[in-house]
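S.K.: Here it is, the structure in full.
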């Protein structure tokens with residue numbers, strides 16, 4: 001071994017002293033995995049100074065993702081800005097293609113999806129073209145369109161591996177003793193012609209006049225056959241293609257079929273029939289023809305990522321359900337045509353898309369505003385979905401003189417707490433662990449959330465423990481509970497105060513725990529001027545207000561028709577409140593947690609559930625107490641023993657799981673199993689005495 005030079009020894013000592021003088025530089029607690037991990041199309045990592053680096057395309061997205069790490073802000077996974085299609089993956093580009101480009105064919109076209117197209121769409125679309133073609137042949141003047149219908153009938157029976165092209169009909173001129181020359185020559189031919197003209201004498205340079213030209217066609221809108229087609233053939237096919245578009249769009253994964261039918265209806269069927277040619281892709285076509293339609297596959301499983309103006313396709317498809325709920329709820333108020341069970345099911349289902357729109361609006365406003373505005377919007381609209389349902393249920397129970405609605409609200413509150421503490425982290429760990437084997441998260445930030453959970457559960461169930469300790473305060477009716485109200489009001493003041501202290505701790509004094517910075521990685525981070533935002537602040541606020549109003553109407557209809565479900569159901573009302581009414585509103589949050597876990601960012605998956613659970617205890621329940629103080633609906637903060645022990649046990653279990661800062665599918669399975677065991681308790685439990 002060679003001896004080190006004196007200067008090398010000095011440098012080595014300096015480096016060692018610098019390392020040991022900065023011990024924090026040796027600590028490394030990654031939030032989304034070890035080393036440099038890429039999460040989808042964004043990368044997340046922590047450097048040696050405990051700072052989370054966010055690599056994004058622009059400043060608006062950086063602000064949105066930074067809000068995800070802030071305490072008290074709703075976690076949102078979808079993008080709020082438009083992303084250039086050229087910067088996205090080939091799979092995503094395929095989703096947004098217009099099916100008008102010929103690509104190299106790879107693999108066989110005989111797939112399960114294409115075969116399913118023939119059974120679900122192909123045969124009846126092809127049959128419709130045959131019938132319309134016969135009709136056009138009977139009119140005699142519409143014979144050209146009859147031929148077009150025959151060709152399209154063969155095409156739609158199996159459209160894969162074929163292309164529909166618009167023939168270039170530019171006029172060609174025939175010269176004497178010459179061949180057909182198109183009006184646009186190649187650059188080489190034009191150069192040769194120019195050289196020939198320059199070298200030819202003036203008297204010899206005269207170009208002979210044309211001796212033949214093709215006959216001019218009648219204009220499309222000046223033909224009698226066009227109007228026969230628009231009156232007889234096109235309306236019938238418009239109905240067929242519209243139905244096919246609707247059915248394939250609802251299926252989501254068959255959106256290529258919807259695009260194919262839409263382009264046919266809007267472009268191909270409105271063209272002159274002689275300009276439409278259908279060719280197999282194996283045959284060499286002219287490069288002068290314009291490809292109108294070329295489809296390779298009818299189904300694509302990645303269409304669950306498809307968005308319209310930033311809105312997920314599933315939220316778009318569920319939005320008409322809100323209108324259906326309002327129509328059948330208020331028009332058929334006597335249940336003559338639709339039963340209460342169906343109205344209840346549609347009312348609960350309509351909450352799902354409205355929750356998504358509210359989340360998108362909150363994320364859009366927060367990403368384009370400063371911290372103060374974002375905090376106010378999150379505090380105002382973050383719990384609006386659940387609060388709307390709880391207040392409408394309490395009002396209806398008060399007017400009906402039934403305490404059953406109050407018990408259902410308490411069950412829904414407890415169910416939301418259990419689902420956010422156990423199910424959302426558990427299912428996220430299972431999904432993320434199956435893909436990434438083992439994931440790491442910031443145990444210190446998780447410890448802050450765990451402490452707030454303990455404070456929340458202790459505060460919420462303090463009146464219940466007080467009533468258990470002193471039997472004279474066991475509530476029978478709302479009048480007896482008057483003596484325990486001071487304790488309830490004290491809790492209602494202390495819980496929001498603890499929430500405010502948590503905000504100051506995590507966002508001001510100890511913000512380094514959640515510290516984030518924007519980094520462009522290998523790409524340039526654009527400024528706010530060149531960013532195209534899906535929803536502006538004004539539009540997002542309008543959507544928030546409209547979605548909140550629709551949520552109020554849907555919640556009113558849901559609570560109106562919940563009584564027959566509670567009366568005639570053989571299942572305990574506890575179980576209905578803990579499962580159905582509690583977790584339906586959290587479906588968008590569950591999907592966000594799963595997507596974060598798939599992106600190897602388990603920290604945000606855990607924060608999704610913790611954030612909602614803390615808001616339930618520290619914001620929603622104090623707001624219900626405040627509402628009851630101004631308008632007495634009989635809401636008393638006394639929970640049953642089952643709610644009490646289930647909530648305490650859940651918080652203890654989840655804190656034990658979060659101790660080591662690691663997660664895998666086994667830990668997630670343990671949380672989900674505990675959640676299912678508690679659901680079994682509620683399923684077999686007797687109904688509340690008030691019901």
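In case you wondered, yes, glycine gets a Cβ from its N, Cα and C as well.
Annotation comment: TrEMBL describes 112-162 as domain 'Inner membrane component'. Annotation source TrEMBL lists domain 'Sodium/calcium exchanger membrane region' at 541-682. Annotation comment: TrEMBL describes 116-143, 227-255, 311-330, 342-359, 371-392, 412-434, 446-466, 486-507, 571-592, 604-627, 633-658, 665-685 (among others) as transmembrane segment.
Situate these features within the shown structure.
M.R.: Secondary structure by DSSP for the domain 'Sodium/calcium exchanger membrane region' (541-682): 120 helix, 2 strand, 20 coil.
Sequence-distant contacts of the transmembrane segment (412-434), counting only residues of its own chain at least 6 positions beyond either end whose CB sits under 8 Å from a CB of the stretch, comprise 386, 389-390, 453, 457, 577-579, 581-583, 585-586, 589-590, 593-594, 596-598, 600, 602, 605-606, 608-610, 612-613, 616-617, 620-621, 639, 643, 646-647, 650-651, 653-654, 657, 663-672, 674-675, 678.
Here the transmembrane segment (446-466) has long-range neighbours at 71, 417, 421, 473, 484, 487-488, 491, 494-495, 498-499, 502, 505-506, 513, 603, 606-607, 610-611, 613-614, 616-618, 621, 637-639, 643-644, 647-648, 651, 654-655, 658, 661, meaning same-chain residues at least 6 beyond its ends whose C-beta is under 8 angstroms from one of its own.
Under 8 Å from some Cβ of the transmembrane segment (486-507) lie the Cβ atoms of residues 70-72, 371, 375, 445, 448, 452, 455-456, 459-460, 462-463, 466, 513-514, 614, 617-619, 621-622, 625-626, 629, 636-637, all in the same chain and six or more residues away from its ends.
For the transmembrane segment (571-592), the residues of the chain that approach it from at least six positions outside its boundaries are 75-77, 348-349, 351-352, 355-356, 359, 385-386, 389, 404, 407-416, 418-420, 423-424, 427, 565, 608-609, 612, 640, 642, 679, 682-688, 691, judged by C-beta separation under 8 angstroms.
Tertiary proximity for the transmembrane segment (633-658) is limited to same-chain residues at least six positions away from its ends with a CB under 8 Å from its CB atoms, namely 394-395, 397-398, 403, 406, 409-411, 414, 417-418, 421-422, 425, 443, 446-447, 450, 453-454, 457, 460-461, 463-465, 467-468, 474-475, 478, 481, 484, 488, 491, 574, 606, 621, 624-625, 627, 667, 670-671, 674-675, 678, 681-682, 685, 688.
Tertiary neighbourhood of the transmembrane segment (665-685): same-chain residues 411, 418-419, 422-423, 425-434, 571-572, 574-575, 578-579, 642, 646, 649-650, 653-654, 657, selected by CB-CB distance under 8 Å and a gap of 6+ residues from either end.
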S.K.: Treating G and I as helix alongside H, and B as strand alongside E, what does DSSP give for the domain 'Inner membrane component' (112-162) in helix, strand and coil?
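M.R.: Grouping H, G, I as helix and E, B as strand yields 42 helix, 2 strand, 7 coil.
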S.K.: What residues in the same chain, six or more past the boundaries of the transmembrane segment (342-359), come closer than 8 Å to it by Cβ-Cβ distance?
M.R.: 74, 76, 311-312, 315, 318-319, 321-322, 324-325, 328-329, 335, 381, 384-385, 389, 543-544, 547-548, 550-551, 554-555, 557-558, 560-562, 564-565, 580-581, 584-589
S.K.: For the transmembrane segment (604-627), find every same-chain residue at least 6 residues outside the stretch whose CB is under 8 Å from a CB in it, and list them.
M.R.: 31, 68-69, 71-75, 379, 382-383, 386-387, 390-391, 394, 409, 413, 416-417, 419-421, 423-425, 428-429, 432, 441, 445-446, 449-450, 452-453, 456-457, 459-460, 488-489, 491-493, 495-496, 498-499, 502, 586, 589, 592-594, 596-597, 633, 635, 637, 658, 663
